[in-house]
Each structure stands twice: as structure tokens, then as C-alpha cells.
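Asker: Shown below is the structure under consideration.
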Amino acid sequence: MADFGISAGQFVAVIWDKSSPAEALKDLVDKLQALTGDEGRVSVENINQLLQSAHKESSFDIVLSGVIPGSTTLHSAEILAEMARILRPGGCLFLKEPVETAVAVNNSKVRTASKLCSALTLSGLVEIKELQRESLSPEEIQSVREHLGYHSDSLLSVQITGKKPNFEVGSSSQLKLSTAKKSSGKPAVDPAAAKLWTLSANDMEDESVDLIDSDELLDAEDLKKPDPASLRAPSCGEGKKRKACKNCTCGLAEELEKEKSRDQISSQPKSACGNCYLGDAFRCASCPYLGMPAFKPGEKVLLSDSNLHDA
């Protein structure tokens, strides 16, 4: 009992559930009453009725939950928050709960020790410490199976303590703000340095100031008009086969397109008599347009698939 730090005159709350043995609960309460004395008080509360209890905020110095020998109590987030509410600022909570040690197990009923500590922190407690970790007794293993419906060979019993901060939730305090006026004096500046970097319009009008003509900075080479050829960007594909770049802007693409059109025109068969476009009646025996309809001069003539097969 000395581990809980209970002394005379303190108010202690003992939380129990259906897994708590009645005889063990009675023995614990008797020992606590002997420690707190007549000036203190020991309150016993069922965990399922704690949220409906009429306890006011900051009612107890110490809250004990699940510490009854043979008890396998699980604490929800709501229960932990309620315990933190009824604790006085600076009060301590001691709880004992079976935890899972297998990392791969993902069960919502039994948490790991780290998750239990995180839940205590979220409830508003500070200085969370793990005091003891031990194996479950045969009675506790049987209690977990009967009351929790949970079967596992990797369970341990862990005892954790937490402390409520030395202030109440929602409390306020006045901030002491300094009303003394701060000196607004600027750091001293060397007059010589300030004068060195100061230049006014009157200084520019002074006849003693020699201004440099910007044209005098140019020599004869700078004044020469540049050759337009030297300003032209290098042609695309210069020094190798000419090929226009994608999104060409130097004009090579248009130039290559014109050359391609001229090559196509020059590759077409030329008429020796000049009557090829008039029709077969006016064509020579060796005319390449025999069998084709008449066409306009300069018109491009395309051979269809049927003409190619007939040939």
C-alpha cells in the first residue's frame, strides 16, 4: 500500500468492475480506510456507473482502478477522461490493466502498453510512468477469458501511474504584462559616415561636380554598324545534313519545303510534244500519259490502283 503514497486525510476513489473479487475488494477498502483515517474518505465506485456518478470536479487526491488482486479491468477513453476530471490538480491515478505484448495482434479490446500510455496522455494526465509489469496469474487469465472473451498467450499485467497537472481544465490566470515604456532612441550614427553616403539634388547642380558624358565611354569600334550576317542565328543543322528543328524559327523549315516542292515538280515526266494534257488523240505513242483523261496544264496527275493493275 505504501506504493500508492496514501496518507491521512486524503480522499481516495477505488474503481472496480465485475472481474474484481468481492473479498479482495473489501480487504483493500479496509486497508485504505486505515491509512486515510477519520479525516479522509474512501469512495468505492463501479466502473460502469462512474460516468453517471455525481462526483464533482477535483474531488479525489488519488484514484485507484484495476489494482484489486485478481481484477482484469479495461479502461476506455471516456473512463480515463472521467478519472482525470474527478482528480484534484496534482492528484495521482494508479491503474492496472492486462496488455498485449504481441505486435502483430490487432484487437480493439486489449491494447498494448504504449497505446495505454497514449490514452492516458490524451485524457489530460502528465508524467505517465510504467511502474510494474508482470505475468497474469491463473485466476487473472481465467478472468480475461470469462469477462473479456479474449484468448491470448502473450498477455501481461501492467501497472501505470499518471498525474493531473497543477491546474484545472478551463481555469484562467491573468498575465502580468510589463507597462514600462521602452526607450525609442536610435543608435548613434557617425556624422562623417552619414555625410559620406548622402547625395542631394543640390549637389548635382554644383558646378564643381564633374559629370561624365556616356558617349565618351564608347570608342570607334563600338560605334561601327554590325554586319547583318553576323547577327543571324546559325542555321539549323549547320555542318551536317540540313534538317529543320521542331518549331523552327530561322526559316529553314520553309526553305526545305520549297526545295521539296521543286524536286517533286522536276521529277515529273516532261512532255516532248506539249500535247499530253489534251488527251490520247493528241499524244505520242511513247507518251507516259496514254490511257489517262485530259488534264489542265500544270495539274498534278495521280495514277489510281486500277490504272496500275491494268498496266
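Backbone N, Cα and C atoms are what each Cβ position is placed from, and that goes for glycine too.
Note: TrEMBL annotation is automatic and uncurated.
Note that the coordinates shown come from a computational prediction; the quantities given were computed from them, not determined experimentally.
Sharing the features that TrEMBL gives for it:
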{"type": "DOMAIN", "residues": "9-172", "note": "domain 'Anamorsin N-terminal'"}
{"type": "DOMAIN", "residues": "234-265", "note": "domain 'Anamorsin C-terminal'"}
{"type": "BINDING", "residues": "Cys236, Cys245, Cys248, Cys250", "note": "[2Fe-2S] cluster binding site"}
{"type": "DOMAIN", "residues": "269-302", "note": "domain 'Anamorsin C-terminal'"}
{"type": "MOTIF", "residues": "273-276", "note": "motif 'Cx2C motif 1'"}
{"type": "BINDING", "residues": "Cys273, Cys276, Cys284, Cys287", "note": "[4Fe-4S] cluster binding site"}
{"type": "REGION", "residues": "273-287", "note": "region 'Fe-S binding site B'"}
{"type": "MOTIF", "residues": "284-287", "note": "motif 'Cx2C motif 2'"}
Asker: The motif 'Cx2C motif 1' (273-276): which same-chain residues, six or more beyond its ends, come within Cβ distance under 8 Å?
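Answerer: Result: 282-284, 287-289.
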Asker: Summarise the region 'Fe-S binding site B' (273-287) as counts of helix, strand and coil residues per DSSP.
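Answerer: Residue counts in helix, strand and coil order: 6 helix, 0 strand, 9 coil.
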Asker: Among the binding-site residues Cys245, Cys248, Cys250, Cys287, which residue has the fewest other Cβ atoms within 10 Å of its own Cβ?
Answerer: Cys245
Asker: Under a criterion of Cβ-Cβ distance under 8 Å and sequence separation of at least 6, what residues of the same chain contact Cys276 ([4Fe-4S] cluster binding site)?
Answerer: Phe282, Arg283, Cys287, Pro288, Tyr289
Asker: Among all protein chains shown, how many Cβ atoms are found within 10 Å of the Cβ of Cys284 ([4Fe-4S] cluster binding site), not counting that one?
Answerer: 13
Asker: Cα-Cα separation of Cys284 ([4Fe-4S] cluster binding site) and Cys245 ([2Fe-2S] cluster binding site), in Å?
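Answerer: That comes out at 46 Å between the alpha carbons.
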Asker: Could you tell me the mean pLDDT over the domain 'Anamorsin C-terminal' (234-265), as a whole number?
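Answerer: Reported value for the domain 'Anamorsin C-terminal' (234-265) is a mean pLDDT of 74.
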Asker: Quick check for the class: what is the C-alpha distance, in angstrom and rounded, between Cys273 ([4Fe-4S] cluster binding site) and Cys250 ([2Fe-2S] cluster binding site)?
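Answerer: Per the Cα atoms, Cys273 ([4Fe-4S] cluster binding site) and Cys250 ([2Fe-2S] cluster binding site) stand 43 Å apart.
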Asker: Ten-angstrom check, please: count other Cβ atoms within 10 Å of the Cβ of Cys273 ([4Fe-4S] cluster binding site), all chains counted.
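Answerer: Excluding its own Cβ, the number within 10 Å is 10.
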